Structure formats: C-alpha cells, structure tokens
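Pulled from TrEMBL:
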TRANSMEM  24-43  transmembrane segment
TRANSMEM  63-82  transmembrane segment
TRANSMEM  102-123  transmembrane segment
TRANSMEM  156-174  transmembrane segment
TRANSMEM  194-220  transmembrane segment
TRANSMEM  240-262  transmembrane segment
TRANSMEM  274-298  transmembrane segment
TRANSMEM  329-351  transmembrane segment
TRANSMEM  358-378  transmembrane segment
TRANSMEM  416-445  transmembrane segment
TRANSMEM  457-478  transmembrane segment
TRANSMEM  484-506  transmembrane segment
REGION    551-589  region 'Disordered'
COMPBIAS  574-583  compositional bias 'Polar residues'
Amino acid sequence: MHDTETDTAEEGQTGLFKLDVHPWVFFSSAAIIVLFVGLTIFFESTVDNLFNVVQGAVSTYAGWFFVGTMNLILIYVISLLFGRFGDIRLGGEGAKPEFSTLGWFAMLFSAGMGIGLLFYGVAEPMFHYVASPLAEPGTPAAARVAMDFTFLHWGLHPWSIYALVGLALGFFAFNKGLPLSIRSVFYPLLGERIYGPIGNVIDIMATVATMFGVATSLGLGVQQVNAGLSHLLDFIPQNASVQLALIAGITMIATWSVVRGLDSGIKFLSQLNVVVAAALMLFVLLLGPTLFILNAFIENLGVYVQNFPSLSTWNETYNDTDWQNGWTVFYWGWWIAWSPFVGMFIARVSYGRTIREFIKGVLLVPTLVTFLWVTVFGDTALHIEMFGDGGLAKAVQENIPVSLFVMLESLPLSEISSVVAIIVIITFFVTSSDSGSLVIDIITAGGNTEPPVIQRVFWALLEGAVAAALLLGGGLVALQTAAISTGLPFAIILIGMCWSLHLGLVHYKTGQGFELGVQGYEGPEFKTHATRKMPTFGRRQFWLTESLQRRTGAAMRPRPTPSPAFQIEGASIRSESSKSTEPPTGGKT
C-alpha cells in the first residue's frame, strides 16, 4: 500500500461535481443497477417471467441454506452477548456514545424494520390463518400458528443479522482504524488484499444487495400508501401511475432529508416516525380488543420461546407445498439483503457502546417492540375475523396493501387513524431511503463517512428508480425476487464475517492468533495506514474524516494507555525485528 501522506483531499475527488468515490465500487455498482433498471423498463414482460423463474429456483434449491445461515448467525451473536468479549467498547476504552439511548433506539427501529411492519403487520397473520402450513385453516389452531410464524419472521433472526454486520463494521472501523466499509471486516482473513479486487467485489455485492433490499421496502411502502389514499379517497385509483408519482414525490422528501444530514435529517425523522407509530399502536391497543391483545402478547411470547427450536429449523421437508418459499425464505433473503444497509447504519450510530450493550440494544429491545407491534395489529385482525364481523381475510387475499386500512375501518375514528397510518408509512419510507443512500454512499466512497452530498442525492434518486422499475417489472413478485436473489450471495459473505470477527476479537483481547489468518502479513499487530488513506485504483486516495481519525487513534494502539484519548501518533505496522523481541501486545490489558 502507499505510504505517502502528503496527498490532499482533492486527490480523492474527480469530475465536474468533485465526487469522492471509489472508482471500481462506485461505477461498477451504479452500472449494474442502472442496467437492471433499463432492462426492466424496456423488456417488462420478459423480465416479469424471469423474476418468477429466478424466485422459484432460488427458493427451491437454496431455502435450506438460508435457514441454516440465519440460525448459525443467531447462535454466534448470542454467544458474543454472554462471552468474554462483551466488555470491549466500540471506539476504545475512552469512547462515549454520540446519541442518547432513546435516540439510538429510535434510529435502530426505524432503519431495521420500518415499512415492512406496516405492510405485513396485519396481512401476514391473516394469510397464515387462512392458509396455515401446520394447522387446519380458519381454526383457533391456525390462528396460533399464524402468530408463531409471524414472530419467527420478525423476531430474533433478522436482528441477529443486523447485530453481526453492525458489530463487525463498528469494531474494525472504530477499534482498528479501518475504513467503514464491508471489506474491512475481512482484514483478519485477507490482510491488505481487502484493498484489491477481492475487496472491491465484496463492496460491490454489499452495494447491490443494499440497493435492492431497500428498494423492496420502498416498493411495498408506496403500494400501501397508494392503497390507503385510494381507500380514503375514491377518486384516487390504485395503479402503477399513481405509485410512480408517489415514489417521485416521497423520494424528493427523502432527498431533502439526505441533504440535511444525519443529525438534522435522519435523526429527526427517525424520532418523528417512532413517536407517530407509537401513537398509532396505542390507538389500536386502546380502541381495539384490549384484553384480547394483552392476553395474546403474553401467550405469543411464551409459545415463541417454547416452539423456537422447531420453527426456526423447519424446512417443510415432509410437506408437499410451496408455503415456506413464499414466506420464510423470502424473509430470510430480505433481511440478509438489508443487512449491509442496516448494519452499517447501526455501526455509524453505535460508537461508544460496549459489545454487550450493543447486542442487548440491537437484539433484544427492537425485537420486543416488534413483537408488541405485531401482536397489537395482527391479533386485532384475527379477533375481527374470528369473533367480529369478519371479511378481513378475504380483503387481505384480494389486496394485501389495503389490509391495514380495512382493519382500521373496524375501529372508531378510522379516517383519522388511516391518515396517521399513511403519515407513518411515508416517514418510514423517507428514513429507509435516506439511511440507505447514506450507507451506499459510504461503501462506494471507500469508507468515507462524510462524502459529498451530491453523491448521497444520486443514490437516493437511484433507490427510487429501482423501486419504480421493480413495480413495473412484476409488482410484489419482483420485489420478493430482488430480495432473495441479492441476499443469497451475501449470505455467504455473512458466514465468513462471523469467523473474521472472531479472529479480530481474539487478537484484540490476547494479541495472539491474528497472524494465522493472514497470509503474507508479518507481525501480530492489527494496524494499517487506513485511517489516513485507503489506497485503491491508480493514484487515487480515499480519506476518512479527521473526526473519525481522532476517534480511532487511541484504539489503533496495540495496548491502550492512560495518555489522552484520540491520538493517532505511532500508528504504524510493527517491524519484523520488533516482533521477534517483544511479546504480543495487540490486545487490551
């Protein structure tokens, strides 16, 4: 790698708009995504058929792999929660959290679930109730199974994926001084090769997976906004033209949030939509079947824990149906495709948290809130169908996006609550879009956490374009196909991420073992010059911000000292001679 430190920030910029990008990652990712959008628009019918074929093939032949990967990662994350690495702090011993705990939780929840809970909170339990894989449809047993699988799909598994990616990124960036990019996680396995073609491929895959994972959510969200407006206002049709107009309008709002930045834009909107969503949930809880909901919540939690081993490993092996491919496999692919986006965003806002605090916050708190949401909306829908006027199951089967509004119609003040629901969906849309564009921009800028605004605007607009293309190319099937097909290759990366993170944590604690995972790298010290620059294609250098350099400086030292925090002097690779005369000092005391 280059050792010259006299380069200026301008060398990391190019073109008319002074872009600060990693050329291979930025232009390759953009080309792949733009090519997809073009083919989808101009060959709509052909692409529609292709989506169906791809979805069937991936679900049928890789379903077992998705199930195994999700369980493996959950086990690993839980082991970190109770293991010896729990006291390691992201950013070093002196690091302090940037955001309040409440603000942190709000951003975690908004980025991690968002639109999906609004779209499937009512629809999924009702679908499982009328088409149960393990019980006779339309019976109390089917209702029980419906909530079991809904909890499975929205519970610990997706949040364990986010926790893994977020923790790995935060550890290697804040504690080891590497760029905040997916490739950095693999330094223990690849060494300096993360800056070469292998690292480029990893970041390109992460960018594409993030783009299609976010676009899937945006497509679901705009379908639901259209359904809600059409349900409230008869003169608004529910069709592709209206949905494209909504994508354009809401994307403009997201672009405004992008320009405002993390503190002013994303943080404000995250807190806003959490407050409004909580108000909507409280409204349904109090005006709906309150006692039924409270009883169901306690029972749902108990049954989830009781049936967790069997449900989480269920593969539909002895059932001649295609139920799991349309639900569990889709969800696992969707969460994996979302993981670079949510994981990096979580890492970006989790500086200063210990590993144990991080996992508790990311794995447990959002899961419980999600369970409460699913119970309030899902069990209210089941109560209406089982003990009320009914008709909700039929409405859900005919038009999934309208299911939330049909359920709200059975409660008092339905027009007001429907308007509030639309506002919640739009704000979740915006936070997903601007958070996604921020993450993609960081990856394609070589780990720069504060790239030029014009780049984030570009990615925000492209996210809207991809969502529009998916809707034109096949609607819900296209959205599901995009999620599972991009999630499959990234699932392989996640498995390697577990092992690489383990090597990094072991070395940080003991100073031993790291060199065994790196071929061609001498010395146990886990340090590079990456906090000053990221060598890439040609003579271009990609810089991290000075604030991040100051944060990672103390953590880059092989052994923390009582000296003032956030110094970066002495951050160099130890020579072979010093390695032979000094004991390993890569870990903490």
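Any Cβ shown, glycine's included, is placed from N, Cα and C.
Model, not experiment: these values are computed from the prediction.
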Practice problem: Would you confirm whether the transmembrane segment (358-378) and the transmembrane segment (63-82) meet the contact rule of 3 or more C-beta pairs below 8 angstroms, pairs 6 or more apart in sequence? | Solution: yes
Quiz item: Can we call the transmembrane segment (24-43) and the transmembrane segment (416-445) in contact, meaning three or more C-beta pairs below 8 angstroms at a sequence separation of 6+?
Solution: yes
Exercise. Would you confirm whether the transmembrane segment (156-174) and the transmembrane segment (274-298) meet the contact rule of 3 or more C-beta pairs below 8 angstroms, pairs 6 or more apart in sequence?
Key: no
Quiz prompt | the transmembrane segment (484-506) vs the transmembrane segment (240-262): 3 or more CB pairs under 8 Å | solution = no
Self-check item: Beyond the flanks of the transmembrane segment (416-445) by 6 or more, those residues with Cβ under 8 Å of it
Solution: 20-22, 25-26, 29-30, 110-111, 114-115, 118, 180-182, 203, 206-207, 210-211, 214, 217-218, 221-222, 224-225, 228-229, 231-232, 250-251, 253-255, 257-258, 262, 265-266, 269-270, 272-273, 276-277, 279-280, 283-284, 340-341, 344-345, 348, 404-405, 408-409, 451, 455-457, 459-460, 463-464, 542
Quiz item: For the transmembrane segment (329-351), which stretch among 63-82, 240-262, 274-298 has the most Cβ pairs under 8 A?
Solution: 63-82
Quiz item: Which residues of the same chain, at least 6 past either end of the transmembrane segment (240-262), have a Cβ under 8 Å from a Cβ in it?
Solution: 218, 221-223, 225-226, 229-230, 268-269, 348-349, 426, 429-431, 433-434, 437-438, 453, 456-457, 460-461, 463-464, 467-468, 471-472
